[in-house]
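Take this structure, written in structure tokens, and hold onto it; I'll ask about it next.
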Ligand SMILES: [Fe+2]
Ligand SMILES: [Fe+2]
């Protein structure tokens with residue numbers, strides 16, 4: 001992909017927006033600056049992103065870690081290691097740092113991640129396990145073959161994200177085949193998804209295979225995952241719904257967002273998925289949790305970002321990550 005050229009003044013303006021140096025930048029605008037920087041894919045951009053870890057917002061910081069992972073640059077590993085090693089940091093941010101290390105796929109990270117297989121926080125432990133398995137898979141025969149395929153000029157991915165696990169082998173890339181859409185195939189994936197005796201990595205592979213199938217039956221199979229015990233597992237289901245953008249998933253996402261007893265990490269992901277789906281029926285729920293005093297900060301802030309996503313989806317703006325146009329207009 002061709003890189004976008006930006007001047008140093010523009011970069012500085014993006015940095016000021018992301019880091020909110022003026023103290024007046026709304027959180028959702030900081031998110032747009034973050035995703036604009038992510039799209040630049042340069043070393044300068046990832047270094048600016050890493051500066052944001054001094055912030056107070058766990059929501060923002062977990063998204064910084066996510067974006068660093070998606071850059072696939074081994075140069076960002078020291079930043080991620082620092083975040084993961086900081087036991088005072090919010091577990092959602094530490095989780096995302098571990099997951100980002102998995103996305104980068106360096107064998108050397110395995111040793112570091114192993115220390116967190118016994119972390120006090122269950123989401124961090126589970127993520128360390130997943131990230132290790134992801135790195136091992138990336139370096140397996142199948143993983144290497146797949147990477148080569150994705151680097152080819154004519155490769156068009158269904159989803160551009162690097163996920164915590166690849167879809168099940170038959171659904172790794174390309175459109176699902178007719179037999180993948182059969183009831184029996186979806187049911188077999190659902191069984192895998194819900195089988196708590198399997199390693200989390202295998203269950204995640206079924207999850208991303210169901211995402212690639214993406215029809216109503218696959219959405220229902222994924223929704224069954226919300227009955228799981230693991231907050232990490234459930235937040236990933238909600239993340240997948242945010243990629244699928246199927247209105248069919250709205251009722252279960254609203255249920256998750258509205259459930260004050262659900263983990264805030266899961267509710268955060270449900271709010272953002274609803275913002276991406278952006279049909280009128282999601283609005284009252286996002287507006288309600290933006291205002292409610294009993295909403296955890298992460299949920300409130302997610303609703304703010306989600307309402308901005310809603311606005312974008314219902315506008316004629318060309319792209320969500322438009323902070324470059326904003327800083328150019330202000331210059
Ligand atoms: Fe996450
Ligand atoms: Fe998230």
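Glycine is treated like the rest: Cβ placed from N, Cα and C.
TrEMBL: automatically predicted annotations, no manual curation.
TrEMBL feature annotations, pasted as is:
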BINDING   62, 63, 95, 96  Fe cation 1 binding site
BINDING   235, 236, 268, 269  Fe cation 2 binding site
Name the residues of the same chain, 6+ apart in sequence, whose Cβ is under 8 Å from the Cβ of residue 268 (Fe cation 2 binding site)?
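Non-local contacts for residue 268 (Fe cation 2 binding site): 59, 92, 235, 298, 299, 301, 302.
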Excluding 235, 236, 268, 269, which residues of the same chain place their Cβ within 8 Å of the centroid of the Cβ atoms of the recorded Fe cation 2 site?
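Going along the sequence, the neighbours come out as 234, 237, 238, 239, 265, 266, 270.
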So which binding-site residues out of 95, 96, 235, 236 are up against ligand 2, CB under 6 A?
none
Drop a 10 Å sphere on every Cβ of the binding-site residues 63, 96, 236, 269 and tell me which sphere holds the fewest other Cβ atoms.
63
In angstrom units, rounded to an integer, how far apart are the Cα atoms of residue 269 (Fe cation 2 binding site) and residue 95 (Fe cation 1 binding site)?
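Cα of residue 269 (Fe cation 2 binding site) to Cα of residue 95 (Fe cation 1 binding site) measures 14 Å after rounding.
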If the criterion is a C-beta within less than 6 angstroms of any ligand 1 atom, which of the binding-site residues 63, 236, 268, 269 pass it? List them in sequence order.
none
Using an 8 Å cut-off from the Cβ centroid of 62, 63, 95, 96, can you name the remaining same-chain residues around the Fe cation 1 site, in sequence order?
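Neighbours within 8 Å of the Cβ centroid, excluding 62, 63, 95, 96: 58, 61, 64, 65, 66, 92, 93, 97, 99.
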List, in sequence order, the same-chain residues at least six positions removed whose CB sits under 8 Å from that of residue 62 (Fe cation 1 binding site)?
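When sequence neighbours closer than 6 are ignored, residue 62 (Fe cation 1 binding site) has 90, 92, 93, 95, 96 within Cβ distance under 8 Å.
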For the binding-site residues listed here (95, 235), which one has the lowest count of neighbouring CB atoms within 10 Å of its own CB?
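Among the binding-site residues 95, 235, the lowest count of other Cβ atoms within 10 Å belongs to 235.
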With H, G and I counted as helix, E and B as strand and the rest as coil, say where DSSP puts residue 95 (Fe cation 1 binding site).
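Where residue 95 (Fe cation 1 binding site) sits, the three-state DSSP reduction gives helix.
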